[in-house]
Amino acid sequence: MEPVDPSLEPWKHPGSQPKTACTNCYCKKCCLHCQVCFTTKGLGISYGRKKRRQRRRPPQDSQTHQVSLPKQPSSQQRGDPTGPKESKKKVERETETDPDN
């Protein structure tokens with residue numbers, strides 16, 4: 001190895017900087033471009049802002065921490081509560097009483 005000027009900072013040593021600039025490409029050649037590219041692209045290590053992660057849902061069986069809610073009434077049927085058979089009879093009665101139509 002050739003001697004290096006001790007007054008130079010390590011990142012300014014000859015040969016420490018690549019001749020070409022770093023790119024956003026993730027091909028094998030660009031991932032091995034320099035040490036920075038290798039750690040960020042190749043290994044996926046970055047010390048910048050963290051990406052937002054989705055929260056993991058708790059397992060279904062661990063509901064001991066939740067306050068018990070009162071049971072809701074069973075779903076009520078929509079529409080006529082008398083049922084479809086009685087409504088048909090009702091329509092028949094109305095048509096019998098109005099023979100004018």
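Placed from the backbone N, Cα and C atoms, the Cβ positions cover glycine too.
Per Swiss-Prot, the features are as follows:
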- 1-24: region 'Interaction with human CREBBP' (REGION)
- 1-48: region 'Transactivation' (REGION)
- 1-20: region 'Disordered' (REGION)
- 22-37: region 'Cysteine-rich' (REGION)
- Cys22, His33, Cys34, Cys37: Zn(2+) 1 binding site (BINDING)
- Cys25, Cys27, Cys30: Zn(2+) 2 binding site (BINDING)
- Lys28: N6-acetyllysine (MOD_RES)
- 38-48: region 'Core' (REGION)
- 45-101: region 'Disordered' (REGION)
- 48-57: compositional bias 'Basic residues' (COMPBIAS)
- 49-86: region 'Interaction with the host capping enzyme RNGTT' (REGION)
- Lys50: N6-acetyllysine (MOD_RES)
- Lys51: N6-acetyllysine (MOD_RES)
- Arg52: asymmetric dimethylarginine (MOD_RES)
- Arg53: asymmetric dimethylarginine (MOD_RES)
- 61-79: compositional bias 'Polar residues' (COMPBIAS)
- Lys71: ubiquitin cross-link (CROSSLNK)
- 83-101: compositional bias 'Basic and acidic residues' (COMPBIAS)
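Locations of recorded Swiss-Prot features on the structure.
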residue: Cys22; record: Zn(2+) 1 binding site; Cβ neighbours (10 Å): 13
residue: Cys25; record: Zn(2+) 2 binding site; Cβ neighbours (10 Å): 12
residue: Cys27; record: Zn(2+) 2 binding site; Cβ neighbours (10 Å): 10
residue: Lys28; record: N6-acetyllysine; Cβ neighbours (10 Å): 10
residue: Cys30; record: Zn(2+) 2 binding site; Cβ neighbours (10 Å): 17
residue: His33; record: Zn(2+) 1 binding site; Cβ neighbours (10 Å): 19
residue: Cys37; record: Zn(2+) 1 binding site; Cβ neighbours (10 Å): 18
residue: Arg52; record: asymmetric dimethylarginine; Cβ neighbours (10 Å): 5
residue: Arg53; record: asymmetric dimethylarginine; Cβ neighbours (10 Å): 6
residue: Lys71; record: ubiquitin cross-link; Cβ neighbours (10 Å): 6
Tertiary contacts of the region 'Disordered' (1-20), as residues 6+ beyond its ends and Cβ separation under 8 Å: 33-34
Whole-number mean of pLDDT values that fall within the region 'Cysteine-rich' (22-37): 89
Those residues of the chain, 6+ apart, with a Cβ under 8 Å from that of Cys34 (Zn(2+) 1 binding site): Gln17, Pro18, Cys22
Shell of the Zn(2+) 1 site beyond Cys22, His33, Cys34, Cys37, same chain only (C-beta within 8 angstroms of their C-beta centre): Pro18, Thr23, Cys30, Cys31, Leu32, Gln35, Val36, Phe38, Lys41
Output field, Zn(2+) 2 shell: CB within 8 Å of site CB centroid, site Cys25, Cys27, Cys30 dropped: Thr23, Tyr26, Lys28, Lys29, Cys31, His33, Lys41
Coarse DSSP state, helix versus strand versus coil, of Lys28 (N6-acetyllysine): helix
Pairwise Cα distance for Cys37 (Zn(2+) 1 binding site)/Cys30 (Zn(2+) 2 binding site) [Å, integer]: 7
Summary of DSSP states over the compositional bias 'Basic residues' (48-57), given as helix, strand and coil counts: 0 helix, 0 strand, 10 coil
Spatially closest candidate among His33, Arg53, Lys71, the listed recorded positions, to Cys25 (Zn(2+) 2 binding site) (Cα to Cα): His33
Inter-residue C-alpha distance, Arg52 (asymmetric dimethylarginine) and His33 (Zn(2+) 1 binding site) (nearest angstrom): 28
Between His33 (Zn(2+) 1 binding site) and Arg53 (asymmetric dimethylarginine), the C-alpha gap once rounded to whole angstrom: 29
